[in-house]
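Student: One structure, as structure tokens, below. Some questions next.
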Amino acid sequence: MAGAPHTVHTRRGATATLPCVLRALPHNYRVKWSKVEPANYGESIIIITNGLYHKNYGPLSPRVRLRHSHRYDASLTISHVALEDEGRYRCQLVNGLEDESVSLTLHLEGVVFPYQPSSGRYKLNYPDAKRACEQQDSRLATYQQLYKAWTEGLDWCNAGWVLDGTVHYPIINSREPCGGRLLLPGVRTYGARDKQKDRFDAFCFTSALQGHVYFIRGHLNFKEAAQACRNHGAAMAKVGQLYSAWKFSQLDRCDGGWLEDGSVRFPITTPRQRCGGLPHPGVHSFGFPSKDRRIYGTYCFVED
């Protein structure tokens with residue numbers, strides 16, 4: 001079996017093909033595609049075929065098909081790629097005597113961001129963190145996604161949950177309040193924690209948008225901001241949508257704007273003196289001001 005390249009890069013909403021080509025067609029063979037699920041140490045079957053007929057299984061079922069560009073082609077095509085599709089897949093030739101398999105990784109391009117709710121720091125147990133990310137058009141980041149974000153410059157003092165139920169925080173500049181100056185830079189870990197009792201922040205991951213984010217000027221309170229977006233046939237942007245627009249569409253504005261969760265943020269791709277004086281690109285936050293304040297505009301999201 002041939003399956004190179006072993007990592008396929010894609011974005012949310014795209015169509016991705018995981019290559020798997022058979023070298024021979026043994027008598028009574030079957031091909032089984034599955035997704036490796038590290039959380040429960042198992043695999044979820046996606047599709048089984050004998051070359052003539054196939055059967056789809058599980059939540060991916062409506063979005064997967066076999067490419068079949070020739071008789072040896074057992075490649076898997078996933079349409080409308082979703083955040084939860086990232087991970088490791090296995091194409092297995094089952095012929096009763098010698099099973100063969102090839103493993104491939106589907107990697108989504110995206111951005112990791114730290115998240116805490118309006119109630120403050122370290123308020124989320126694991127189910128809360130999972131839900132909080134999903135409410136912001138994202139999902140809990142994997143450890144690998146957090147590590148990659150650290151290599152790209154993510155430096156954050158608050159510890160947060162990741163998808164496998166462990167807790168970490170990424171540090172580039174060692175400093176006193178963040179474990180001290182003597183510890184080396186890196187993704188520091190608290191290890192696996194009690195998913196119900198222990199409370200931290202969350203690290204969320206999002207990818208490309210099927211739509212766009214734009215800013216409406218004004219001195220609006222939260223309720224007026226929501227109405228301003230609705231008047232344009234849009235909705236207030238979620239935090240993940242603003243990060244996605246910053247990452248993939250280079251959204252760059254000096255103006256603080258309300259978001260759906262009640263926070264006020266602004267995205268900067270080109271740092272400049274009269275724009276908060278912040279040295280690094282990123283989505284910057286004013287926290288969660290009183291919803292009655294009439295100082296800010298709003299960021300809206302409209303689907304394509």
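Using N, Cα and C of the backbone, Cβ positions are placed for all residues, glycine too.
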Student: Taking Cys254 as one end of a disulfide recorded in TrEMBL, give the other end from among Cys229, Cys275.
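Tutor: TrEMBL says the disulfide from Cys254 goes to Cys275.
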Student: Looking at TrEMBL, which one of Cys157, Cys204 makes a disulfide with Cys178?
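Tutor: According to the record, the bonded cysteine is Cys157.
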Student: Rounded to the nearest Å, what's the C-alpha distance separating Cys178 (disulfide bond) and Cys275 (disulfide bond)? Just drop the number here, would you?
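Tutor: Pair distance, Cα basis, whole Å: 27 Å.
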Student: So what pLDDT does the domain 'Ig-like' (1-103) average out to?
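Tutor: Here the mean pLDDT over the domain 'Ig-like' (1-103) amounts to 90.
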Student: Please report how many Å separate the Cα atom of Cys275 (disulfide bond) from that of Cys157 (disulfide bond), as a whole number.
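Tutor: Distance between the two Cα atoms comes out at 23 Å.
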Student: I'd like the per-state residue tally for the domain 'Link' (111-206) from DSSP, helix first, then strand, then coil.
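Tutor: When I sort the residues of the domain 'Link' (111-206) into the three classes, I find 22 helix, 30 strand, 44 coil.
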